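S.K.: To start, I am sharing the structure in question, which I have written as structure tokens.
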Amino acid sequence: MRGAALVAIAATIGNFLQGWDNATIAGAIVYIKEDLNLGTSVEGLVVAMSLIGATVITTCSGAISDWLGRRPMLIISSILYFISGLVMLWSPNVYVLCIARLLDGFGIGLAVTLVPVYISETAPSEIRGLLNTLPQFTGSGGMFLSYCMVFGMSLMDSPSWRLMLGILSIPSLLYFALTVFYLPESPRWLVSKGKMLEAKQVLQRLRGREDVSGEMALLVEGLGIGGETSIEEYIIGPADELADGQEPTADKDKIRLYGPEEGLSWVAKPITGQSILGLASRQGSMVNQSVPLMDPLVTLFGSVHEKLPETGSTRSMLFPNFGSMFSTAEPHGKNEHWDEESLQREGDDYASDAAGGDSDDNLHSPLISRQTTSLEKDMVPPASHGSILSMRRHSTLVQDSGEQVGSTGIGGGWQLAWKWSEREGEDGKKEGGFKRIYLHQEGVPGSRRGSLVSLPGNDIPAEGEFIQAAALVSQPALYSKELMNQHPVGPAMVHPSETASKGPIWAALLDPGVKRALLVGVGIQILQQFSGINGVLYYTPQILEEAGVEVLLSNLGLSSDSASFLISAFTTLLMLPCIGVAMKLMDISGRRRLLLTTIPVLIVSLIILVFSEIVDSGTVVNAAISTACVIIYFCCFVMGYGPIPNILCSEIFPTRVRGLCIAICALVYWIGDIIVTYTLPLMLSSIGLAGVFGIYAVVCVISWVFVFLKVPETKGMPLEVITEFFAVGARQAATTKNE
């Protein structure tokens with residue numbers, strides 16, 4: 001996973017520059033207003049121009065990134081950072097400075113919006129939370145280093161604010177070089193545009209292995225939005241492999257999964273009432289029943305994690321001997337590239353071996369290669385589009401009733417499969433169609449002799465190991481009835497480039513699953529902004545002054561400005577180890593648990609700050625209590641409510657509209673930031689500090705309730721499975737409402 005980690009670190013330099021800029025302007029404005037003789041309103045405008053720029057650029061950044069790609073937008077961000085730094089270094093007057101700050105805001109808006117998306121789309125699901133906490137860490141690290149720089153320059157006889165601001169251009173050059181020469185394009189975006197060959201090469205680099213066919217298949221499946229999904233349940237255990245050509249047994253309700261080793265196979269038997277996920281989908285958990293307002297989504301997601309060990313989803317435990325199903329498949333002499341250029345070869349025979357070299361014109365899919373269904377035995381394979389997928393032999397789940405399934409591990413305990421279902425039509429001829437299956441293990445495999453007696457249909461062999469699995473079954477993402485009418489031998493899927501839109505798919509925002517995800521994303525971003533972080537940051541210098549810290553530093557010969565910068569540097573330094581702890585816990589405890597654990601601490605800290613303002617218990621005692629509360633607040637905020645909203649927003653939307661949806665959430669974030677920043681002085685003058693902190697405490701209580709009722713746990717789950725769950729949960733909620 002080193003490749004994905006290094007790419008994530010390089011991408012988060014954009015967040016480092018954001019933190020650097022935020023701290024630099026906070027220090028430089030002291031000298032700017034003296035040098036340019038600024039009034040209070042103009043001073044506020046200089047600081048706010050970057051905020052305005054970030055808000056403006058966010059309105060279009062997501063839609064453009066869905067069109068042009070993630071990487072070009074990050075390159076543009078680095079260029080804007082560099083140009084703004086140079087202009088700030090030159091700024092002859094306040095007007096030029098404001099323009100430079102606006103350009104800087106454009107760069108900040110692009111980085112803050114798209115870096116989490118980029119990391120989510122490139123990171124393995126097992127460490128996605130850790131890597132997506134990096135923007136918070138690098139942003140705070142940038143603030144710390146910037147405050148140290150400003151503090152050092154404040155000790156000079158005549159500090160130069162132009163130099164303070166202009167230094168931004170130096171790290172932005174590094175950011176530009178990395179985005180141009182090191183960062184690859186998001187493989188999910190490439191697949192959405194039909195650039196399969198390039199996507200495969202990027203995945204091979206990110207995963208450090210040649211065989212990425214399974215994940216490529218997953219990325220194709222992630223292109224779907226909406227659709228009907230059912231939840232099924234299986235018991236899976238070992239079974240003897242059927243020899244080639246052997247007739248299926250008379251048992252019509254088993255699925256066989258063939259392993260990589262000769263003689264190794266698994267039998268899957270459909271059951272009812274055994275799966276936690278299935279129970280959750282039918283009637284909800286006990287918590288859901290006792291809390292009627294809880295979103296069914298929370299129950300569905302929670303059922304996936306209910307029986308997982310508390311060490312995080314570090315690897316797939318389903319069919320542990322398999323690893324990647326495709327890595328053990330028979331080698332092929334034919335090319336495994338399925339790129340947009342292959343459309344030029346439409347009309348060639350589906351089973352043709354074509355030219356064997358590395359050519360984009362070759363018709364064979366990199367996802368799954370040719371597999372024979374029983375339907376093929378009754379007809380001559382017809383000519384079909386070269387863009388139709390096919391299945392790879394020996395990497396299959398085979399249902400004894402004539403259903404065949406190609407399978408692969410996709411991380412987080414999930415397996416991807418396609419099931420071929422056959423039935424007799426009205427004219428007596430066989431008809432068939434493909435279904436996509438996401439399988440998930442429930443519980444830990446183990447030897448349980450004789451323990452299947454109590455299960456319905458206890459004809460699964462009692463000897464050996466078995467596991468319980470839940471399955472999300474739906475149509476393939478690129479399923480085409482037109483291709484099915486041509487009787488293809490394989491999943492009837494059109495090439496992604498045929499469905500790729502040149503712009504954002506606005507109609508997809510009306511899909512019930514997408515609307516439900518937007519509710520979660522927008523809601524948590526609004527509540528985060530009103531949870532008090534800006535107020536506490538505003539108040540920190542005052543309470544540290546009351547605690548005597550500034551006086552102590554002044555006695556050491558530091559000016560009040562230098563002492564303030566040093567205090568700010570110390571405050572941001574305290575955040576770094578706490579963010580490090582959050583990075584460790586993000587994929588172990590999970591996003592939801594971290595929020596539910598840290599938000600109550602924020603509430604208590606704010607309430608104590610309110611009482612310390614109302615009750616006069618002595619200057620020293622008040623200062624000590626306030627200082628402790630502020631430090632605790634900061635530490636808990638950066639562990640949970642700081643990074644998690646952006647992490648969630650980058651995970652819960654479908655590939656085709658991910659950029660557009662996260663831009664909507666980011667726009668809400670920036671608007672909330674503007675409202676909180678500019679209403680804070682008015683609130684302080686009208687209701688006082690105690691009233692402000694009281695309001696923030698109430699918002700934190702509302703936040704906890706919102707997270708408890710509406711925010712699901714997404715740790716360790718592939719992005720495509722997360723969006724599938726939102727579709728299932730939205731439909732279930734609609735059904736419950738209608739009843």
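The backbone N, Cα and C atoms fix where each Cβ goes, glycine too.
Annotations for this protein, taken from TrEMBL, read as follows:
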COMPBIAS  331-348  compositional bias 'Basic and acidic residues'
DOMAIN    7-715  domain 'Major facilitator superfamily (MFS) profile'
REGION    328-366  region 'Disordered'
TRANSMEM  44-65  transmembrane segment
TRANSMEM  71-90  transmembrane segment
TRANSMEM  102-119  transmembrane segment
TRANSMEM  139-156  transmembrane segment
TRANSMEM  163-183  transmembrane segment
TRANSMEM  563-582  transmembrane segment
TRANSMEM  594-611  transmembrane segment
TRANSMEM  623-648  transmembrane segment
TRANSMEM  660-680  transmembrane segment
TRANSMEM  686-709  transmembrane segment
S.K.: Given the model, what does the mean pLDDT over the domain 'Major facilitator superfamily (MFS) profile' (7-715) come out as?
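M.R.: Computed over the domain 'Major facilitator superfamily (MFS) profile' (7-715), the mean pLDDT is 75 on the 0 to 100 scale.
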S.K.: If you count every Cβ pair below 8 Å, which range out of 71-90, 139-156, 660-680, 686-709 shares the most with the transmembrane segment (163-183)?
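M.R.: Between the stretches 71-90, 139-156, 660-680, 686-709, 71-90 has the largest tally.
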S.K.: By a Cβ-Cβ criterion of under 8 Å, what residues six or more beyond either terminus of the transmembrane segment (102-119) are in contact with it?
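M.R.: Distant contacts of the transmembrane segment (102-119): 8, 11-12, 14-15, 17-18, 21, 49-58, 61-62, 65, 70-71, 73-74, 76-81, 83-85, 87-88, 128, 131-132, 134-135, 168, 172, 183, 186, 646-647, 649-650, 658-659, 662-663, 666, 670.
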S.K.: Could you tell me what the rest of the chain brings near the transmembrane segment (660-680), counting residues at least six beyond its ends with Cβ under 8 Å?
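M.R.: Distant contacts of the transmembrane segment (660-680): 48, 51-52, 54-55, 58-63, 65-66, 109, 112-114, 116-117, 504-506, 509, 514, 517-518, 521-522, 525-526, 528-530, 534-535, 538, 645, 649-650, 653, 692.
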S.K.: May I ask for the residues of the chain that lie six or more residues beyond the transmembrane segment (44-65) and have a Cβ under 8 Å from a Cβ within it?
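M.R.: Long-range Cβ neighbours of the transmembrane segment (44-65): 21, 25-26, 29, 32, 38, 73, 94, 97-98, 101-106, 108-110, 112-114, 117, 503-504, 659-664, 666-667, 670-671, 673-674, 677-678.
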